[in-house]
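Engineer: Provided herewith is a single structure, encoded as structure tokens, for subsequent inquiry.
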Amino acid sequence: MIKIYAPASIGNVGVGFDILGIAIKPIDKTLLGDCISIKPSKKFQLKNHGNFSKQLPVNIKENIIWKAWKYFNKKAKKKKTVKIVLEKNMPIGSGLGSSASSIVACVIALNKFYKTKLSKTKLLKIMGKLEGIISGEVHYDNVAPCYLGGLQLITNDQKNITQKLPIFTDWLWVIAWPGVTLSTSQARNILPLKYKKKTCIHNSRNLATFIHALYTKQSELAIRYMKDIIAEPYRIPLIPKFLISKKKIIELGALTCNISGSGPTLFSVCPNISIAKKVKIWLKKNYMENQTGFVHICKIDQSGARKMEKKNEII
């Protein structure tokens, strides 16, 4: 049996709409990511387990894992009957790369099971294509960091789709999912089709300065330019508690606060564990809509997707 784990990810990272993404892992070692197990079978089987498996479609052909299996068969020019078990640890429509986590884990597991030895670039293209089935267009800001780890800059160059960027390892990332879902397509459709030239220039300046600050190790400069002027202003109405939460946790000492991906998860960057714990406590009391919501203090997951032991230990 082959078992693969793929971590949660933050798309956009505030300043990089559709071109930045970062993989994360809770410091308490909670598995914030999906797992895929594959073994031989006389007929195709797909079993769903995990805390959020009930969110998955009842019709097997609507499940992204079934679509991944069909698409991979076509690309690999092989067809094998397998039993796939999806451990769904990520809520759908959370803004944490839930679909990317399932897709990445499944594609890697299939590649290993079939022994096709497809290159990382070819695998990434398959992942992006499958992600596009869900969101409506191919994009890599979740699948790339989920697969490769760290902070990824999406170039969309077909020979070199993504580049890994340096990131401050002492930052702590507090993520809070309120327990409700927000459709990625809905969050994308609310955005304008065109932006003013002034806005485009402003955003280009922010992104360029942020990346420059990463390479020159100027953390304060990076934080100042880690702003979202492309999506956040339009998505705020979809996330009623976001603005008040952002104001409060910055008062508590967080360095910044932004929407994770399409939302409704928010993320904040904290300079130390003391402030991160204060932010976590406040968000748990004030940002949650129900008991299924969660808050985690995270660090960067530099490894990305990887094999797992039988006892859910990450290799």
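Start at 1 and count along the chain as shown; that gives each residue its number.
Each Cβ is built from the backbone N, Cα and C atoms, and glycine gets one as well.
So Swiss-Prot has the following annotated:
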BINDING   Pro91, Ile92, Gly93, Ser94, Gly95, Leu96, Gly97, Ser98, Ser99, Ala100, Ser101  ATP binding site
Engineer: Inside 8 A of the center formed by the CB atoms of Pro91, Ile92, Gly93, Ser94, Gly95, Leu96, Gly97, Ser98, Ser99, Ala100, Ser101, which other residues of the chain have their CB, for the recorded ATP site?
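Structural biologist: Neighbours found: Ala8, Met90, Asn142, Gly261.
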Engineer: Using Cβ-Cβ distances, find the residues under 8 Å from Gly95 (ATP binding site) that belong to the same chain and are at least 6 apart in sequence, listing them in sequence order.
Structural biologist: Gly11, Trp177, Leu182, Ile259, Ser260, Gly261, Ser262, Gly263, Pro264, Thr265
Engineer: Are there any residues at least 6 positions away along the chain from Ser99 (ATP binding site) with a Cβ closer than 8 Å to its Cβ? List them or say none.
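Structural biologist: Sequence-distant Cβ neighbours: Ile64, Ile92, Glu131, Ile134, Ser135, Asn142, Thr184.
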Engineer: Measure from the Cβ of Gly97 (ATP binding site) and count the other Cβ atoms within 10 Å, all protein chains considered.
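Structural biologist: If we count other Cβ atoms within 10 Å of Gly97 (ATP binding site), we arrive at 32.
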Engineer: So for Gly93 (ATP binding site), how many other CB atoms are inside 10 Å of its CB?
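Structural biologist: For Gly93 (ATP binding site), the count of other Cβ atoms within 10 Å is 22.
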Engineer: Counting Cβ neighbours within 10 Å across all chains shown, tell me which of the binding-site residues Pro91, Ser101 comes out on top.
Structural biologist: Ser101
Engineer: Per DSSP, Ser99 (ATP binding site) is which: helix, strand or coil?
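Structural biologist: Ser99 (ATP binding site) sits in a helix per DSSP.
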Engineer: Sort Gly93 (ATP binding site) into helix, strand or coil using the DSSP assignment.
Structural biologist: coil
